Protein chains: 2
Amino acid sequence: MTGPTPPRAAAIAPGATIGIVGGGQLGRMIAIAAAQYGLRAHVYAPDPDSPAFEVSGARTVAAYDDAEALAAFARAVDVVTYEFENIPRRTAEILAGHRPLHPSAHALATTQDRLAEKTFVAGLGIATAPFRAVDDAAALAGAVAEIGRPAVLKTRRFGYDGKGQRMLRPDEALDPAAVMASLRGQPCILEGFVPFDREISVVAARTADGAFSAYDPCANEHRHHILARTVVPAPGMAPETAAEAVAVARTIADALGYVGVLAVEMFLVREAGGRSRVVVNEIAPRVHNSGHWTIEGALTSQFAQHVRAICGWPLGGTARLGAGVEMLNLVGDEAESWAALLAEPDSHLHLYGKGEARPGRKMGHVTRVKPGPGETRPG
Amino acid sequence: MTGPTPPRAAAIAPGATIGIVGGGQLGRMIAIAAAQYGLRAHVYAPDPDSPAFEVSGARTVAAYDDAEALAAFARAVDVVTYEFENIPRRTAEILAGHRPLHPSAHALATTQDRLAEKTFVAGLGIATAPFRAVDDAAALAGAVAEIGRPAVLKTRRFGYDGKGQRMLRPDEALDPAAVMASLRGQPCILEGFVPFDREISVVAARTADGAFSAYDPCANEHRHHILARTVVPAPGMAPETAAEAVAVARTIADALGYVGVLAVEMFLVREAGGRSRVVVNEIAPRVHNSGHWTIEGALTSQFAQHVRAICGWPLGGTARLGAGVEMLNLVGDEAESWAALLAEPDSHLHLYGKGEARPGRKMGHVTRVKPGPGETRPG
């Protein structure tokens, strides 16, 4: 005899309020997706000019460590999610103490620390770059001796878009103390170089019931460590490699008991004989820039899918619409080309409502769907 | 030598604020479309629970005849539009006195009065139902004698979804005074019966520069005078009839100097020989329920297209995506089927966030796009 089924949180009904921690473009697009399903959005962010405030019915302007404001926010909503992974552990605990938090504090803790993340992924038998924990100059010297160079030293926490990392080249003199000082002595991880052919990601969703659905793996091109272009299907990716990438994402999502949309960034490494294998680079416990193409390019957008998952709703279809999709980020002053982009009849322009186009700031994106039948997805 | 080009209002740039008068689902979907282009939305509506408030950065809760609130609202935005045509003339004048109002007060005045509208359309040489002005019982008796029955007596203003109208059947005794009293003695129009085969509409957009773009004409089915289902392409509609319908919409839009999205509702009348001709029923100077299918079913949604037009931007592509599109309204308690609709992988569910599912109230809609190549549009 099996035991009783554990109690499960009731599904959220339209009219309920989703709490979104973080007020950037990802929160903004989650709020829009929620509205299309008749849900309300309450956004929590410290900056009164947060882009997500413009499309949310309720707003809390407060710091991410303001325990009182966090508790009041959580009590005012029906479920809590977030748009970025650098949420302090205490913040996640306060939120989860009042309302369901999806993805969970556990998923957050595992993925916001590069060392915990790599250890977790490697523990699932999934390939990663070689890595070592580096807490001080002596550890760095030892890790470099073991892993070799080129290698990248990264802070364990709070890195994004190439921030908080330092490339260690084989042809440069290594001064471990100076390198550690340049990252302000923070706990780090040294990652060995992976001779990859291409960077891809799998954007997928999982529900509390264990339902899982992935979009077509996409190829990502970065410029100055910032995503510049996503193309789907990933050029030259064999169906069996795509299936392997999706299976890896599912193994990770299942092992985390994940609820919501996640993105798994991977390297495609070409092996002798021309086959490719995937190596996991990192996990984003949230909707992801490389999934923006799904707004027009897939049956259900990643934002709508995330809302479905955190509400306990069935996942939507993830079939690709069209023979291929291209998404270009508009970074910094690239958004100044908005008028030309609007004049292209086949381009879908998205702007995030940010005031100042600072260099490196993601201001919007453009999606182009190439007409034609979408291919069968591998996952 | 030609004279100087007349000054033209500068195009609105992303970051600007669109003022939307009316807080229902149409305003809500305009606000969402504006947000995707990095525009801000300021919604003006009397009901503090207005659905559009949930997705707008700024809100004014005030009556439609509150001159002071209207002026303050207009001064706070860059361009004003509206989601319904029953805006008092004085309200339109106040708004237009401060900021560009699109569509114009002239378009509004022409289309919000059924007599002015029919007179205008007939004056363009476009077929309408036979009609007569009816201001009192004597005029009603005379008009019935001329036009015959069946006929429909409609109030000239403030009618929608079958409200403010009365069918006059040939087999019933006619008591003109009683009929006028049942419409509270308001100025009316008597419209002769058109033996139509099908109801269609053309949703189209025009810019201040005269650019024009129409979606595929769609077939509309009503239940209790409320739109129940829209199908595109309209079944059995010959390409030349579709082209004629689009040409009629363009003639109307050009004659009004129209800016924004409009919908022209028409009857398809089958003639001897099997050909069909179009008879204009009414003009909606706004985005329209029969255009909701464009959100997933066309390259540019009617809401995005309206935003483009009123901002002075180039119109987006209107090509249909997929071999066919069906849109079903969810009226009253039909929205209770939301969970079943969410479980259909190919259905796009939209809910408007309205609290109470009163009978006849539009609560949401569902769109299904049938995969396959979209056909060439006639317009």
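Placed from the backbone N, Cα and C atoms, the Cβ positions cover glycine too.
Annotation comment: TrEMBL describes B:R114, B:K154, B:159-165, B:191-194, B:E199, B:H222, B:281-282 as ATP binding site. Per TrEMBL, domain 'ATP-grasp' is recorded for B:118-311. The annotation region 'Disordered' is assigned in TrEMBL to B:355-379.
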The one of B:R114, B:K163 whose CB sees the fewest other CB atoms within 10 Å, among these binding-site residues: B:K163
Integer mean pLDDT for the domain 'ATP-grasp' (B:118-311): 95
Number of other Cβ atoms within 10 Å of the Cβ of B:V194 (ATP binding site) across all protein chains: 18
